[in-house]
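Here is what TrEMBL says about this protein:
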{"type": "COMPBIAS", "residues": "44-54", "note": "compositional bias 'Polar residues'"}
{"type": "DOMAIN", "residues": "19-48", "note": "domain 'Xaa-Pro dipeptidyl-peptidase-like'"}
{"type": "REGION", "residues": "32-54", "note": "region 'Disordered'"}
Amino acid sequence: MTESFRVNRHVDTKVPMRDGVQLSADLFLPRGAGPRPTVLMRTPYSNSLEATIE
């Protein structure tokens, strides 16, 4: 059985790189305290492709 978590979504968060470029990211942070699993998904396309998240 898969465990589920409620999340807060932070859209279009800027993440600074060493060369000064800022990448856009959507952050899905679990509600509540404690360690949680982490998934990193990278794409050279848009970060607004919600269809890729099931």
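In case you wondered, yes, glycine gets a Cβ from its N, Cα and C as well.
Mean predicted confidence for the domain 'Xaa-Pro dipeptidyl-peptidase-like' (19-48): the pLDDT average there is 81.
Within the domain 'Xaa-Pro dipeptidyl-peptidase-like' (19-48), the DSSP-based counts of helix, strand and coil residues read 0 helix, 9 strand, 21 coil.
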